[in-house]
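Peer 1: Encoded as structure tokens, here's the structure I'll be asking about.
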């Protein structure tokens, strides 16, 4: 879900924080991409003309594999090196949200069945997309595909967005890539959005700079986390009557969530704002401040030659893809992943940093106990096909 209304607030109060780029201008960058969010997008967007998911002759869904293969090729062709980060175990506080999502999917499934009988094609398509869920099998197949492509894979102990942010903070990648704005709440210095969108959408890449966002909002990191929780996050019920404008006003007026909650408790129903009886915001804040992640210095990322025979076996023989297209895709991977990229021009200049309006408060780093990809073994936690190519190309 991300953070409700945050993009609009940043556009209004911190416009310098948001820049748009053509994908080709990001050559030389390494990016940690939220895999689960990307796979979800592919399952929704990569469809047949009738709106149904792509399948092979055996009736197996292939939308996620088709999307992942060709969108990753596009990213690599533009000189970007992606690493895909998969979700681990969700925080306990998130279980309520996940349960409600399941209920909504079941409702959409029932409405979809009714639409097949009495509704239009558009109704059926709409309800079908609302029932989409990324399954364990989807994740396993995508990890297998990425390993065969020579793309690094990380399985986070918990939230993928938090792990993406950790790798960006630790200098393993330049940016985190996700549609979820809570990646910023996990303290990602740079967030790329729309990176895995279809080229046909002609949607530019949106780059959001956390430092500029904090300066524009005139907040420190602790206050920013409070604002995001108040706007509405994955861990708590939203407060009725609180929208983006009122959330920003409350945080500025009371300095943080502690003062806001005290005010709302003492003035129940004030201006229609009603805080739930059970609203453990302190627990939610701890998840954002000290997420369960693999420390960046224990993760190495390596991009290697694709396993062409393995790709043909998996995509062509098992999943029914076109062999010629798969082989051509593998050639592109080999060419672009292992070519010596021209250095970025901005790497030759030192930029004098602007004075901070409000410095971000330090965010602690919890050492995660999550598992790493099965291929990852060694003195350090190695991910996918890994060695020493870990620093971002500035």
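Our numbering is plain: 1 for the first residue shown, then up by one each step along the chain.
Note: Cβ is positioned from N, Cα and C throughout, glycine not excepted.
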Peer 1: With 87, 159, 161 listed by Swiss-Prot as Mg(2+) 1-binding, which of these, 34, 218, is given for the same site?
Peer 2: 34
Peer 1: Among 226, 234, which is the one Swiss-Prot gives for the Mg(2+) 2 site where 180, 182 also bind?
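Peer 2: So the Mg(2+) 2 site in Swiss-Prot includes 180, 182 plus, from the candidates 226, 234, 234.
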Peer 1: Between the candidate ranges 332-340, 341-349, 377-385, where does Swiss-Prot place the region 'Interaction with PCNA' annotation?
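Peer 2: The range carrying the region 'Interaction with PCNA' annotation in Swiss-Prot is 341-349.
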Peer 1: Cβ within 8 Å of the Mg(2+) 1 site's Cβ centroid: which residues qualify beyond 34, 87, 159, 161?
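Peer 2: Near the Mg(2+) 1 site, the remaining chain residues are 36, 37, 85, 156, 158, 160, 162, 163, 164, 178, 180, 183.
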Peer 1: Just to be sure I understand, if DSSP states are collapsed into helix, strand and coil, how many residues of the region 'I-domain' (123-254) fall in each?
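Peer 2: Split into helix, strand and coil, the region 'I-domain' (123-254) gives 69 helix, 16 strand, 47 coil.
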Peer 1: I'm trying to understand the geometry here, so how far is the Cα atom of residue 71 (DNA binding site) from the Cα atom of residue 87 (Mg(2+) 1 binding site), in Å to the nearest whole number?
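Peer 2: About 20 Å separate the Cα atoms of these two residues.
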Peer 1: Calculate the distance in Å between the alpha carbons (Cα) of residue 87 (Mg(2+) 1 binding site) and residue 180 (Mg(2+) 2 binding site), and round it to a whole number.
Peer 2: 13
Peer 1: Do you know offhand how many angstrom separate residue 182 (Mg(2+) 2 binding site) and residue 161 (Mg(2+) 1 binding site) by C-alpha?
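Peer 2: Approximately 7 Å lies between the Cα of residue 182 (Mg(2+) 2 binding site) and that of residue 161 (Mg(2+) 1 binding site).
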Peer 1: To which of the binding-site residues 34, 180 does the lowest count of other Cβ atoms within 10 Å belong?
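Peer 2: Counting other Cβ atoms within 10 Å of each of the binding-site residues 34, 180 gives the minimum at 180.
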Peer 1: Determine the Cβ neighbour count for residue 71 (DNA binding site): the number of other Cβ atoms within 10 Å of its Cβ.
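Peer 2: I get 22 for this one.
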